[in-house]
Amino acid sequence: MLLESIKVAIRIRPLNTRDLEISDKSTLKVTDQETLVAIPPVEAEVKQVKKSYKFNWVFDQIATQKDLFEKTLEYQVLSVLDGMNVTLFSYGASGTGKSHTLMKMNDDYGLLIRALNQLFQTIHNRKRKIQMKFSYIEIQQEQLYDLLNNMNGNLDIRDDVEKGVVINGMREIDVTSTQEVINLIQYGKRQKSTKQHEVLIFTIYIQDMVGQNNEIQISKFIVADLAWLDKSGQKSASIQVLNGCISLLSEAQTKKIQPFIPYRNSKLTKILKDSFGGNSKTLIIGCVSPSVANYEETIQTLEYCSMAAGIFNQGTIKTIQQSNQHEDIKSIYDQLINENAELKKQLNHKSNQKPLNNEKEQTKLYEENIIEHFNNEQDINQSIFKYQWEIEQIKFNVNENQENLQRVDGIDRNSADKLRFQIEQDLKQLHNYQEQLVKFQKQASNFSIQRRALEENVNQSNLSNSYKLYLTNLIEKHVLRVEVFEIKLKEQINELHRSQHERIMAIQRSQITLRDRIIADQRKHLISHGKNRSVQHYSQIDTTTEVIDGTKAKLKHYPLPKVKDHYFNKQAYLQRKESPKSIFSPRLQTPLQLKEKKPYVPKTPHTKILDNLSTPIIPKSNPLAKAPPSKLIDSQFMVALPLITTNRNLSKFVYDWRGSGYKFVEDQKNIPSQRELKKVISSKQYTQQSLDKSFFTTSSRSTSAKRVSFKQSLLLPGKVHESPYVKGFINKEIQRKMKLKQLNQKMMKATKNK
Ligand SMILES: Nc1ncnc2c1ncn2[C@@H]1O[C@H](COP(=O)(O)OP(=O)(O)OP(=O)(O)O)[C@@H](O)[C@H]1O
């Protein structure tokens, strides 16, 4: 069992035109990300004063749906795939944006759609067999209707020991994508009357494919969009019951008592029973209006929400087939309960025989003392567990985010910044929790001494033996109860480790698939290009000849990219009988980026220069399209520029050429800038001969067929050339300029004559 406090986020909606007609003043002031102050309007009663409220999150008028999702639900909702129940509901007066926040299904999606996207994406990435079923119901004047089956009349709710709250006869439809759910909601909405509570239930069945005992975990994601008023415009009766339950639970929490909570008084609270005080991670979005006109309702919402924020739930993971260990614990527990009942019976019997009022009262005092001690012990153990759990989770998240950061750093600045921020926040939180944990552990270390003191007190008392026996048994019972509880907590932590491990495995699997894809892409690419072109020039890159699919192909081997070892299973790759050197991955890309399939163009000293030059786009019909495009500097020379042509083959070719362009140049550092080039050209220092020399030195020993030449349409990037290929172009250009000059002269003459 783990304790999980109900989380509450407050969202303030913007003032609308109706509000502005009354006043443009806001009654709410957000002071930080967790606090807001309610300022009574001037007309309000004198008694009212400013009041500050603290929640898990406060979102002001400008917060977006995305902000809300990322901060509140994004990670929490994934617990449902680890067997926890998750509940999300909105709470607040009419028109405060409850449906907008939860249910918006177009443009700026609400939390539901975002959560579903997240869930389905994760389900697709996981190896376990996960099935999701969707049910959609409406509560209308204490009657429950199935919106996916209008043949179903008023449905019945019952409590099931294994499955929790169950709605008899409710239709459950298998869903595999967000779109399917949207379609069903749209269908359901047609059956729905306005101003009613609607509840969406997603039941998740998870089969453990790895374990031997074939367990199926069941968990629920419940989303409730509540109506504040009923059809007659009165405050909904179910909301009033809900309010009652919240205040009783909150009171119980502060006074540490076990009260009776009237869940059964309304259908809504019956359904939400597990979400309050049950086994659920619950998130409440309290929606409020900042308008002067809605002040009363706003205060009501804030009061109930802050009460709800103090409630703790007990999270347990439910499985259909319990494991043996679980059975053992259950039987120990049952046995203890029976023993206790038996002892009580014996004691009653004895006390009926000889009423020993004084002794009885003394025993009662001892009893209270013992119970208080063990309640304290249990509370502290629960807190220790809660912090251990959170610490484990944060550590895992930090690790995961740090690895993600390594992958996106330098590629996607936005994501990297976001990750860095998240890591920083998590580390702060981690530090905080570790401090708390130490505090609680210190308190826990005194427990065994205190237990012994209790026993000694009982033994040294003047009580008769039967009372002493009762009290020592009581102590023993509680010791066992605490031990059973500790076993359960350890089980929970083990479960957490197991699910974290599974997540890492899933990531690794996707990394391997990704790398296989990169390798396959590269091979395809090399086969189609390796045949037509010499690879001699890549002097620093190894080349080999291999027979691939019956074709002899020259492959160039690029160095292996740096990838974190555990993300790259070298062993698995070597078993494919290839040298790891032959993989060329420009950079390990995230699966998302791979989808876009952007060619990777590394920044070389050339691209820096070339990027500064404007890039002409040359049509296919132009003879120049066969060569990498160039820029005319004067009638004799041109500078080679980076691609771009409409010819697909060429652009691929040039992409290769760009990718390794610096291999052609002897002295990379001395590539002239555009200004320097112009200077050189005007001083005519650069002759055709010197150009050729610098151009061909790296391939001087190779045959003319292989060497890079103008005939093969390759130009030296950033250098100046004279080429027969550009002659036609140049001549045309000169002709055009001359024509223009003649035309100008004609015009000038004509105007002079006038
Ligand atoms: N944060 C927001 N940003 C922009 N518009 C909002 C926001 N919150 C609410 N609105 C708008 O205010 C109007 C009322 O919102 P909505 O219907 O969601 O309220 P509600 O609380 O669900 O009301 P009811 O209880 O009557 O169903 C809608 O037109 C909605 O688009």
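Glycine is no exception: its Cβ is also placed from the backbone N, Cα and C atoms.
Here is what TrEMBL records for this protein:
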DOMAIN    5-311  domain 'Kinesin motor'
BINDING   Gly92, Ala93, Ser94, Gly95, Thr96, Gly97, Lys98, Ser99  ATP binding site
COILED    326-353  coiled coil
COILED    416-457  coiled coil
For the coiled coil (326-353), what's the mean pLDDT in this predicted model?
50
Under 8 Å between C-beta atoms and at least six apart in sequence, can you list the same-chain neighbours of Thr96 (ATP binding site), or say none if there are none?
Arg13, Cys287, Val288, Ser289, Asn294, Glu297, Thr301
When you measure from the Cβ of Gly97 (ATP binding site), which residues in the chain that are at least 6 apart have a Cβ under 8 Å away?
Arg11, Arg13, Cys287
Chain-internal residues, separated by at least six, CB under 8 A from Lys98 (ATP binding site)
Ser90, Tyr91, Gly92, Asp225, Leu226, Trp228, Ile285, Cys287
Number of Cβ atoms other than its own within 10 Å, given for Ser94 (ATP binding site):
16
Most Cβ neighbours within 10 Å: which of the binding-site residues Gly92, Gly95 is it?
Gly92
Most crowded position, judged by CB atoms within 10 A, among Ala93, Ser99 as binding-site residues
Ala93
